[in-house]
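Notes for the one structure printed next.
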Amino acid sequence: MKGILVAGITAVLVAAVESLSCVQCNSWEKSCVNSIASECPSHANTSCISSSASSSLETPVRLYQNMFCSAENCSEETHITAFTVHVSAEEHFHFVSQCCQGKECSNTSDALDPPLKNVSSNAECPACYESNGTSCHGKPWKCYEEEQCVFLVAELKNDIESKSLVLKGCSNVSNATCQFLSGENKTLGGVIFRKFECANVNSLTPTSAPTTSHNVGSKASLYLLALASLLLRGLLP
C-alpha cells in the first residue's frame with residue numbers, strides 16, 4: 001500500500017514538472033503581449049506556437065496574432081520563421097512565427113526584419129494585393145537586394161471569423177520557407193497559406209530594347225558623313 005502511494009505521488013510530481021504553459025490568444029487588431037500564460041491541455045503539451053501578421057496595406061488584415069499550445073515538435077529549441085513582402089515603398093506585409101519546444105515563446109515583435117539593402121536595378125516583380133479572391137493584377141516593382149518574387153494567398157482566422165489576403169510582391173523570404181510552403185494549403189503558425197509561390201529574380205532576364213532604329217540611325221549618320229566628305233573634297237582646290 002505504501003509503495004502504491006509513493007508511486008502515485010511520484011507520478012503526480014512528474015506530471016506537474018512536465019506540464020507546459022503557453023500564452024493562448026487569438027486576436028484581430030488587439031495585441032496579445034499582455035496575455036498571461038495558462039496550462040496546456042494534455043493533447044497539446046509539447047511546444048508553444050506564437051505567430052503574428054501585420055501590414056500597412058488597405059485591407060482588413062492590419063494586425064493578427066495567434067498563440068497556442070501544440071503537439072508539434074519544433075525543428076530547433078526555438079525556431080523562428082519571418083519574412084516581409086513589399087508591394088511599394090510604403091506598403092508591406094510582415095509575417096513571423098515561432099515554435100518554442102517545451103517553453104513559452106517570446107514576443108514575436110522581437111523578430112525584426114534585417115535592414116533593407118539597395119534597390120537592384122534588374123530585379124522586378126509584379127506587385128498587388130486584394131482582400132479576397134485567388135489572384136491580383138500587379139504592376140512592376142523594383143526589388144531590394146536579396147529579395148525574390150512571391151505570390152501568396154493566406155487565410156487568417158479565429159473562432160469567429162476568417163479573413164483572406166492575396167498578395168504579390170518582392171520578399172526576403174528564405175528558400176527553405178518557400179520550399180516548405182510551396183504547393184497549397186500549408187499551415188504555419190496557425191495561418192493557412194492556400195498558395196505560396198516563389199521566383200528567384202536573379203533568374204529573370206530583363207527584356208532587351210529593340211535596336212533596329214538605333215542601327216538604322218547609325219548607318220544613316222555614317223552615310224551623311226561620307227557624302228559631306230566627298231562634297232568638301234570636290235569644292236576644295
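Glycine is no exception: its Cβ is also placed from the backbone N, Cα and C atoms.
Quantities reported herein were computed from a predicted structural model and do not represent experimental measurements.
Record features, source Swiss-Prot:
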{"type": "SIGNAL", "residues": "1-19", "note": "signal peptide"}
{"type": "CARBOHYD", "residues": "Asn45", "note": "N-linked glycosylation site"}
{"type": "CARBOHYD", "residues": "Asn73", "note": "N-linked glycosylation site"}
{"type": "CARBOHYD", "residues": "Asn107", "note": "N-linked glycosylation site"}
{"type": "CARBOHYD", "residues": "Asn118", "note": "N-linked glycosylation site"}
{"type": "DOMAIN", "residues": "125-176", "note": "domain 'UPAR/Ly6'"}
{"type": "CARBOHYD", "residues": "Asn132", "note": "N-linked glycosylation site"}
{"type": "CARBOHYD", "residues": "Asn172", "note": "N-linked glycosylation site"}
{"type": "CARBOHYD", "residues": "Asn175", "note": "N-linked glycosylation site"}
{"type": "CARBOHYD", "residues": "Asn185", "note": "N-linked glycosylation site"}
{"type": "LIPID", "residues": "Asn215", "note": "GPI-anchor amidated asparagine"}
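Feature map: annotations from Swiss-Prot on the structure.
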residue	record	Cβ within 10 Å
Asn45	N-linked glycosylation site	18
Asn73	N-linked glycosylation site	10
Asn107	N-linked glycosylation site	13
Asn118	N-linked glycosylation site	7
Asn132	N-linked glycosylation site	11
Asn172	N-linked glycosylation site	20
Asn175	N-linked glycosylation site	10
Asn185	N-linked glycosylation site	11
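For Asn45 (N-linked glycosylation site), the spatially nearest entry among the glycosylation sites Asn132, Asn172, Asn175, Asn185 is Asn185, judged by CA separation. Here the Cα atom of Asn185 (N-linked glycosylation site) is found 26 Å from that of Asn107 (N-linked glycosylation site).
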